Amino acid sequence: MTSSTRNQPQNHHHPNPYGTTAAPPPTPSTQPHPHSTSDAAADDLSRLLQRLPPSLSIPNRRSSPPSTTTTSPPLVSLSDPSRTLTASILSASQLGYFQLTNHSISPQLARSAESESLSLFNLPPDQRETSFPKNWPLGFDGEDTEDESFCLDLSCSTDSAELSLTSLREFTCEMEKVGLEVIEALSCAVGFENPARKDPTRVCSLMWISDGPPGNKPVFLGKFYPYVVGLQYQISCQKYSMLADSGWVSVLPQVDSVLVTLGDIAQVWSNGNLKKVRGRATPVLGDGNNSPHCISMSVLLTLPLDSTVSSLLPRGAAGDGEEDGVNEAQDGGAGKKKERRFHSFPFEDYAWRVYHERLLLKDPLDRYRAPET
């Protein structure tokens with residue numbers, strides 16, 4: 001792929017799980033949009049602030065969020081009867097995150113995958129580049145030395161014959177299965193159509209492995225890539241910080257649970273009924289940590305690059321042709337019709353924008369919100 005921006009992805013032979021695209025989407029500054037006036041002004045301000053000297057710029061994505069009380073995320077058990085599971089998911093979706101218990105992920109597999117992930121960051125820098133060539137969003141990203149990351153597809157493939165990632169590959173596959181169960185439960189609880197139910201290729205998975213700074217210097221958003229649901233296995237007693245719709249939150253899930261975050265795509269699919277977490281949950285370590293690495297493994301269930309993102313509204317009765325509204329009984333109302341809250345948009349354009357800008361000034365979904373009537 002080619003681009004006019006300095007952050008252009010490189011065209012390597014690394015396999016792309018999303019299919020081949022002729023070129024990356026246009027950069028945000030060239031995007032036409034129905035709400036271009038206000039959005040363009042906000043984007044120009046964002047770019048200006050990024051160019052300011054450090055002494056004059058606003059806090060960037062590494063800045064500490066306001067102090068928050070650490071809480072335990074809502075518990076959801078996959079072993080519950082379907083009706084109980086639906087109720088639990090529906091309740092937890094009002095926060096945008098929860099911890100999943102009684103899942104199928106083995107603690108031993110998770111620890112083995114973590115060990116293999118750690119070995120990747122022990123490779124010499126040039127070997128990281130050659131073993132995982134950049135093919136956006138896949139490959140090794142070392143541009144930010146305080147937040148290096150590997151983005152791998154479901155096969156966790158590498159161009160190095162010397163690296164064995166068997167456990168990481170199996171772990172990613174098992175986490176994807178759990179993520180698909182979560183999406184199905186969400187669709188049943190909230191009332192939107194699950195695209196992966198009939199066609200599994202409508203969603204795909206990325207394993208995002210990050211190495212943030214140790215100690216009490218958290219990396220709060222890191223690389224921002226859109227997703228439906230994000231999953232992180234809780235290997236040890238570990239706090240996470242997240243930017244939810246309600247603001248910054250700090251959570252401490254149970255050991256061996258899976259921290260589930262609902263992403264921006266899930267919010268659009270549900271026509272705004274689901275709350276979301278912006279970006280990935282990121283670990284916060286205490287002062288006593290002396291490890292040179294702070295490994296974070298996140299499995300993101302996301303979309304192929306050629307997808308279009310839109311609200312997945314329940315259709316009207318057979319033959320009535322009503323597809324522009326949503327039954328408000330599924331949307332907190334009393335049987336009326338409610339308009340879509342988001343305009344449809346190309347996923348590739350959106351993903352490119354949020355990945356390369358990674359700004360906290362506004363919710364990136366704001367530009368796609370439909371005006372209230």
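Quick reminder: no glycine exception, Cβ is built from N, Cα and C everywhere.
TrEMBL labels come from automatic prediction, so no person has curated them.
For 1-10, the entry in TrEMBL reads compositional bias 'Polar residues'. The annotation compositional bias 'Low complexity' is assigned in TrEMBL to 47-80. Residues or ranges marked as domain 'Isopenicillin N synthase-like Fe(2+) 2OG dioxygenase' by TrEMBL: 242-287. The region 'Disordered' annotation in TrEMBL covers 1-80, 314-338.
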Checklist entry - Taking the domain 'Isopenicillin N synthase-like Fe(2+) 2OG dioxygenase' (242-287) alone, what is its mean pLDDT? => result 91
Checklist entry - Counting by DSSP, what is the helix, strand and coil composition of the domain 'Isopenicillin N synthase-like Fe(2+) 2OG dioxygenase' (242-287)? => result 6 helix, 21 strand, 19 coil
